[in-house]
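For reference, TrEMBL has these:
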- 87-511: domain 'Major facilitator superfamily (MFS) profile' (DOMAIN)
- 20-42: transmembrane segment (TRANSMEM)
- 139-158: transmembrane segment (TRANSMEM)
- 170-189: transmembrane segment (TRANSMEM)
- 195-215: transmembrane segment (TRANSMEM)
- 227-251: transmembrane segment (TRANSMEM)
- 257-275: transmembrane segment (TRANSMEM)
- 342-363: transmembrane segment (TRANSMEM)
- 369-391: transmembrane segment (TRANSMEM)
- 398-418: transmembrane segment (TRANSMEM)
- 430-447: transmembrane segment (TRANSMEM)
- 486-506: transmembrane segment (TRANSMEM)
Amino acid sequence: MKDYDNAVAFLGQWGRFQLIFFFLLCSTIVPNGFGAFTLIFLTDVPSHQCLVSDTNITEDWHKSIIPVKMVNGKPELSSCSRYRLDVVRNLSALGYIPGRDVNLTDLEQENCVDGWSYSKDIYESTVVSEFDLVCSDQWKRPFTTLIFFLGVVFGSFFSGQLSDRYGRKLVLFVTMAVQTVFVFVQAFATSWVVFIILLFINGLAQINYLAALVLGAEVLTGNERIFFSSLGSCLAFAIGYMMLPLFAYFLRDWKSLLYALSVPSVVFIPLWWFVPESPRWLISQGRVEEAEAILRKAAKWNKVQAPNAIFEDCSVSTLCVTKCYFYAVFCSKFSSNFATIYIFDVARFSLCAGYFGLSFNAAQLSADPYISCFLAALVEIPAYISSWVALRYLPRRLSLIGCFLLGALPLFFIQLVPENLSNLSLTLELVGKYAFTTGISLIFAYVAELYPTVLRNTATGICMAVSRIGSCVSPFVLNLRVYFTYLPYIILGSLAVLSAFATLFLPESFKQPLPETIQQVEERER
């Protein structure tokens, strides 16, 4: 059989079929821009103090019952303690005035046994205020993020096998439907435990991104494929990311926000079913007639004439269809694949840890979380454009190594910036995020180009599953700043340098056709 790209060359470039397919597939990725970043607003902590509902104390004692603590050299009201209410009640009844008749530092303190009162200056409500995830339960906030990413990890691991076995389209449609339903259902959670269970299932469905990426890489050819993999899909993600703070700004309570975020998917789900299956995958399964039917329909849409036989001398044996996916990935005839997967795991782990670490941290760079989130999203636009340019004109290894080094250097230099130059620190951090974002966009296309059709989704799924461990640990890496302010930057920068060195040993795929079979990959490696 002749090369797939040559076989479908009669369709031309950017015909009506390719344009409709491109925009429909990009629309499936927009909801992923909400994804984990929704937790920025859902789990943000409003200002809070112990609730004091007792009306049997004077106004002076109401104002003084919350202790004042020094935080970073500044006085702040305690969020997790108050002076013992029974003592305060007795002192109030005796007519004592706090600060004049009573030395407040001598009074015994207690926890917020009656709950908390939360400020509504920014939010009407969040998951934190709904389920009181503060003080002794504050560990539940980063754990909530961890649960979401664990869902993504498990989903990534199994979706690749399911997609390689049952098709890209089916997995894409099912995961989008599950994602839509559970984003909506999360708003009905009656407890934190129920919420994280639903959040985990939502995380499982986030891997529609993977199915869409592989489907686009297999249906589109040449510059179309590069444009989708590096720019189209990523810009769709960025659009969703930038829409998030807009939704959150107008919908200040967490339930309304979840309702609204499920609407775009509900609108598009009927249209997504019309996305065609990958002809490459159909051929790899021996379903040549179905593949040709899709391409003949595409030819009609593009108003071109399809040849009588699109795929000549095509058989299951020549396409090397395999039913044992794990064996095919790790078999001895494909030995270098094992090392390649390891290197990709290290690279993607570093990229995801850096990307999500800086993304969540960037959301705290301004007093206004909506502006912070928008800035963190906005910096991704030039990053994705840079990725597209690099994929068109530069070797993959060189581009990826450059991203790692550009991401690491600002994180090391940020320690040298004086405290009074906060804008310079912000600039360096955004440069780091720009580099990691560019790298993530590059590596998606890079992985898809190195693996054959029968293994592409499985291999990318395994790499994504392992790399998502980086996103799982990113909230905890950020918490290390309590021991040393710059420790998170040192860890993320060191991981990037290590990954840059490992990338030197990856095979190159620049200007090479997308492999269809394991044999083609083996021939390329000789």
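Think of each number as a place in line: the chain as shown, counted from 1.
Cβ atoms are placed via backbone N, Cα and C, with glycine included.
Here the domain 'Major facilitator superfamily (MFS) profile' (87-511) returns a mean pLDDT of 82 for the predicted model. When each of the listed stretches 139-158, 170-189, 430-447, 486-506 is scored by C-beta pairs under 8 angstroms to the transmembrane segment (369-391), 430-447 comes out highest. Below 8 A, the CB atoms of the transmembrane segment (139-158) and the transmembrane segment (195-215) form 3+ pairs separated by six or more positions in the chain. Within the same chain, the transmembrane segment (342-363) packs against the transmembrane segment (486-506): three or more Cβ pairs sit under 8 Å, each pair at least 6 residues apart. A contact between the transmembrane segment (170-189) and the transmembrane segment (257-275) is present, since 3 or more of their C-beta pairs, 6 or more residues apart, lie under 8 Å.
Sequence-distant contacts of the transmembrane segment (398-418) (same chain, at least 6 residues past either end, Cβ-Cβ under 8 Å): 347, 350-351, 354, 387, 390-391, 424-425, 428-429, 431-432, 434-436, 438-439, 442-443, 446, 486, 489-490, 492-494, 496-497, 499-500, 503-504, 506.
Nonlocal intrachain contacts for the transmembrane segment (486-506), taken as residues 6+ away from its ends with a CB within less than 8 angstroms of a stretch CB, comprise 339-340, 343-344, 346-347, 349-351, 353-354, 357-358, 361, 396-397, 400-401, 404-405, 407-409, 411-412, 414-415, 432, 436, 446, 450, 477-478, 480. Ranked by the number of CB pairs under 8 Å to the transmembrane segment (257-275), the listed stretches 20-42, 195-215, 227-251, 430-447 are led by 20-42.
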